[in-house]
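So that you can see what the record holds, here are the features copied from Swiss-Prot:
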DOMAIN    104-287  domain 'ATP-grasp'
BINDING   Lys141, Glu178, Tyr179, Asp187, Arg211, Ser212, Asn213  ATP binding site
BINDING   Asp248, Glu260  Mg(2+) 1 binding site
BINDING   Asp248, Glu260  Mn(2+) 1 binding site
BINDING   Glu260, Asn262  Mn(2+) 2 binding site
BINDING   Glu260, Asn262  Mg(2+) 2 binding site
Amino acid sequence: MKIAILSRDGALYSCKRLREAAEARKHSVEIIDPLSCYMNINSAAPSVHYRGRRLDKYDAVIPRIGSQITFYGTAVLRQFEMLGSYPLNNSVAVIRARDKLHSLQLLAREGIDLPITGFAHSPDDTGDLIAMVGGAPLVVKLVEGTQGIGVVLAETRQAAESVIDAFRGLNAHILVQEYVREAQGKDIRCLVIGNRVVAAIERQAKAGEFRSNLHRGGSANNVKITAQERAIAIKATKTLGLNVAGVDILRADRGPLVMEVNASPGLEGIETTTGFDIAGMMIEFIEQNTQRRFATSASISKS
């Protein structure tokens, strides 16, 4: 197969591993910067051009699109879909997952347990917003944040009001969530491919920090997840229409709570911790689904 990886930086661990895994299975791979693509959008002969040349058709495309370029990156991904490439995650699902509010609303609608969450733009009554989610301590997030950026733990009501007022000054959308104290700065990252949780790790925030993101100095260990945690990770992935996702879960006294569903999960932490070939599993999933698609197309053409 010919596989395109959409990424701004082919030197990143995840991109390198996906390329290695695909080439080990005798596929040709090209890493393409989506911001260097431009598109011809028409009904007769749509195309994608890249750095002065028209790109050939790819059998599959793997989106590794950073949150900062979601709009243009998913437009490029959508163009590849128009041309018949199989997407590891399709553009609609990626956009859905990147919209934190929309994704939480979809998960809640499907009965998936979440931390109590409030959403606001410029609340006139900060006190009511804080009370709505159970009071302090609570976590205040910028909707556009990633990897723990724009996330603040407010230990007291006064601190929460100050943080919310500061974020309001940025003219930003704000998520306010209950702080799950019993999680003790830990969460579980479940890596879902298709209908399976193929790996899971427990992430622990570093001393003095409440965010467990590995990019912020957190540590990771192997963990055995429960059947309930496995089921909720798969359901959350399917609810957003994703084939592959990193689902972050908090262990609360009332049961597992989904914090976030990541459409482009990093592979370094989970591969190095578990020793599993996650990249290889992703390529195998693509193989199975492109073969199924080609078989279906052949059957339709014969009929």
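Placed from the backbone N, Cα and C atoms, the Cβ positions cover glycine too.
Neighbour density for Tyr179 (ATP binding site): within 10 A of its CB lie 17 other CB atoms from the protein chains shown. Within the model, the domain 'ATP-grasp' (104-287) carries an average pLDDT of 89. The subset of binding-site residues (Lys141, Glu178, Tyr179, Asp187) lying with their Cα within 10 Å of the Cα of Glu260 (Mg(2+) 1 binding site) is empty, i.e. none.
For Glu260 (Mg(2+) 1 binding site), the count of additional Cβ atoms within 10 Å of its Cβ stands at 20 [all protein chains shown]. Counted within 10 Å of its Cβ, the other Cβ atoms near Asn262 (Mn(2+) 2 binding site) come to 20, all protein chains included. In sequence order, Asp248 are the binding-site residues from Lys141, Glu178, Tyr179, Asp187, Asp248 with a C-alpha within 10 Å of the C-alpha of Asn262 (Mn(2+) 2 binding site).
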